[in-house]
Amino acid sequence: MPTMGALHAGHGTVIRAASAMGPVLVSVFVNPLQFGPDEDLARYPRSLESDLVVAERWGAAALWAPSVEQIYPQGGERHPSTIQVPPGLQKHLCGAARPGHFDGVVTVVARLLDLVRPRQLWLGEKDWQQLVILRWLVAHLARPVIVQGVATVREADGLALSSRNQYLSPDQRRMAAALPEALHAARGDGSDPIPALRGSLSDAGFEVEYVQRVDPCTLQPCGDETAISLLAAAVRCGSTRLIDHAFLMTRQPLVAIDGPAGAGKSTVTRAFAERLGLVYLDTGAMYRSVTWLVLERGVNPSDGVAIEPLLKDLDVQLQSLPGGVQQVLVNGEDVSSAIRSPDVTASVSAVAAHRCVRQALTVQQKSMGSKGGLVAEGRDIGTAVFPHADLKVFLTATVTERARRRALDLEQRGFAVPERAELEAQIAERDRLDSTREEAPLMQADDAIELVTDGMDIDAVIEALVRLFRERVAEEAWPTPQR
């Protein structure tokens, strides 16, 4: 956990969260490369003895306070191997007002990663731009490090904890509470929040450096077309620079998980939804339900004309039972087990290919997801059902791996298990049918992230999905439910 010291309860909260995953090393280093010529490098709070007490109290295993010479053997004033952050990530927000600041941040963190070689890098969400940039750094350097963010910690009046808060006089401290108050008020009526927020901050006596609304992932300016956006401000309270932000949400988070048959989408999506407090929309179960009804009524799965009348009074209900069990009802009948039979599996691709079926179920699915707050899995969720989802993942695995999983699933459900070669052939044929059908073929959305799950157990896949989600949706915007 990299810090510049002057540790407080905000740092402590990050330490405590990280300590649940293993021993935590807290580094304390006031990095000269991230300070501008007229900034507060010389007077930045330094309190190593106090930092030791705070770090130990919150659960750190060790604290490391290296010298400038240890971090920058070739000199810290102008380090020869300074890393350049992409312009797009530092063109706005703090990067615009502090040229070179984030180049200095990534340079020191890269050095710390080289020297410490941690498994995880824990950071606060308070400086969201820095968190996004450090995620870029880890990917850019291809380091095997997991980046974890922790929600902003605030005082009782809403002021975000910061080491620089100690610069504030008592009067300035009272005034500083107007910053989070104004940000919170700006989230209200749905109009452009920037003019009103800028006015409120000026009226409160702040010198406003910037007020901007950006996409939390790209850090580019945005408006209401972005369902989840970051409204950020930097002000001067006396001589002290304060930053803060709020997340604006026109709807709750929406996640689309697509992939071929047998990739394990249902299992991991259900657990992922429960982990993050999202509703699980099992679209695959909906198509299987229609397929079951088609077979039950003796209709040819390839005959779309004969299937269409069955859809007029169709009532598919998905209900979550205790223990994460899903109950599927078709016109009031419990078909939870029946829709997983080999006969349904063999016919679902043909039934799902009919335009009338996809249109009927897509309308239902879009209605369910209109307010967000859910994760849906299927074949065309990110391309046809929820093309504006906040996170799109294409979850897949090799045919061999999917055949192995299918055999295990059939065995556990008490069905006969075909030879592995036959299962592989069935899965390959299902892939061909799904990807070549005329109506909503299986395909990876252009902005979806491919996640190949060979060699990953369920927990590892869920953790990967959670990390992808948190890169787009902050803990502060959508808190993880307490278990």
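Glycine too: its Cβ is placed from the backbone N, Cα and C atoms.
Residues annotated as region 'Pantoate--beta-alanine ligase' in Swiss-Prot: 1-246.
Residues or ranges marked as ATP binding site by Swiss-Prot: 4-11, 124-127, Val153, 161-164. Reduced to three states, the DSSP call for Met4 (ATP binding site) is coil. Here the Cβ of Met4 (ATP binding site) has 17 other Cβ atoms within 10 Å, regardless of which shown protein chain they belong to.
The active site, proton donor annotation in Swiss-Prot covers His11 and rests on sequence analysis. Within its own chain, His11 (active site, proton donor) has Met1, Thr3, Val26, Val54, Ala55, Trp58, Gly124 as residues 6 or more apart in sequence whose C-beta sits under 8 angstroms from its own.
In sequence order, Gly100, His101, Phe102, Gly104, Val105, Val108 constitute the residues six or more apart from Gln34 ((R)-pantoate binding site) in its chain with CB-CB distances below 8 Å. For Gln34, Gln130, the entry in Swiss-Prot reads (R)-pantoate binding site.
Summarising the annotation, Swiss-Prot assigns beta-alanine binding site to Gln34 and lists sequence analysis as the type of evidence. In the three-state DSSP assignment, the secondary structure recorded for Gln34 ((R)-pantoate binding site) is helix.
Positions annotated as region 'Cytidylate kinase' by Swiss-Prot, on the basis of sequence analysis: 247-483.
For the pair Met4 (ATP binding site) and Gln130 ((R)-pantoate binding site), the Cα-Cα distance reads 14 Å. Between Gly10 (ATP binding site) and Gln130 ((R)-pantoate binding site), the C-alpha separation comes to 16 Å. Here the binding-site residues are Gln130, Ser163, and the one ringed by the most other CB atoms within 10 angstroms is Gln130. For the recorded site, His11 (active site, proton donor), the DSSP three-state label reads helix.
Cβ environment of Leu7 (ATP binding site): Val26, Val28, Ser50, Asp51, Val54, Ala55, Ser163 lie under 8 Å away, each six or more residues apart in the same chain. Distance between Cα atoms for Gln130 ((R)-pantoate binding site) and Val153 (ATP binding site): 16 Å, as a whole number.
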